[in-house]
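Report on one structure; see the data block that follows.
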Amino acid sequence: MKPDNQAGVKHKGAAKTARIPIKIVPLDEKLKKPEWIRAKLPNGQRFHEIKQILREQKLHTVCEEATCPNIGECFSKGTATFMIMGDICTRRCPFCDVGHGRPNPLDENEPRHLAESVAAMRLKYVVVTSVDRDDLRDGGAQHFADCINAVREMSPATQIETLVPDFRGRLDIAVDILTQTPPDVMNHNLETVPRLYKQARPGADYAHSLQLLKDYKAKNPNVRTKSGLMVGLGETDEEILEVMRDLRAHNVDMLTIGQYLQPSDGHLPVLRYVHPDVFKMFEEKAYEMGFVHAAVGAMVRSSYHADVQAHEAGV
């Protein structure tokens, strides 16, 4: 049996969140899911085709690793969000179901495997995300660039969206590297309001994440920038609106807001289910603030219908 701190050992659920600075306090009684929280069950031939291609190419998707509720619908439509640089994250965010631990070294063949999969799946739009890699000097920025180059070479008509980590401590070098091979959309999720960062995003910094989005836009004015938020962690509506204002002040073009759903009892509990009328209010406010596109609703995730979001934003 491998020691807990050995490279490649993945911790999930309570094993992952046991050492976060603010401990998870479970509710005496879980909130009942309202009737508007519904996802389609995984099914169909296309769903299984996608899974087979991913396994053959030894690729990971955030759809599977983060236990996304929309996996059935997306896979059945032939869309997937690829997760590069392994399936082990160096952070312990207690809202996220991706495993934590010491990651394995980067796979130098991954960009080629990714490009081959995109071609095999005949994808017109692809989202590429990653785990956090605080162990790498550039946070993995060059690996992102290599993946973009490989996909562009094999599928030149395919549009690419990157959903990047925060590259904390490596912002300037990461922005420089990612400017050399720009995607069509650059996404970095703020996830929650600044008051809840220490609890929900240990290791991250709200101002740093905003700066990453602003600096990238400054160097790549023709690339749409995008960010996403969850609701249900204990934030107020006004705090969400304030984050939206901050995003616009940092020149972010596109917005997603969705309902947080607890992946397991070892994760942060859901403290409220936001009513569809409130989501509608957020959407209306987003357009009033000047967002080019806003995807807002209970089942919205940052990569859900990402192609539709991008095309409606003029990409």
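Quick reminder: no glycine exception, Cβ is built from N, Cα and C everywhere.
Just so you know, the Cβ of Ser303 ([4Fe-4S] cluster 1 binding site) picks up 28 other Cβ atoms within 10 Å once every protein chain is counted. Sequence annotations record features per position, and here Swiss-Prot assigns [4Fe-4S] cluster 1 binding site to Cys63, Cys68, Cys74, Ser303.
What Swiss-Prot lists as domain 'Radical SAM core' is 75-292, and the listing cites sequence analysis.
Around the Cβ of Cys96 ([4Fe-4S] cluster 2 binding site), the number of neighbouring Cβ atoms within 10 Å comes to 25. Swiss-Prot lists Cys89, Cys93, Cys96 with the feature [4Fe-4S] cluster 2 binding site.
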How does the model score the domain 'Radical SAM core' (75-292) in terms of mean pLDDT? 91
Could you find out if DSSP has Cys96 ([4Fe-4S] cluster 2 binding site) as helix, strand or coil? coil
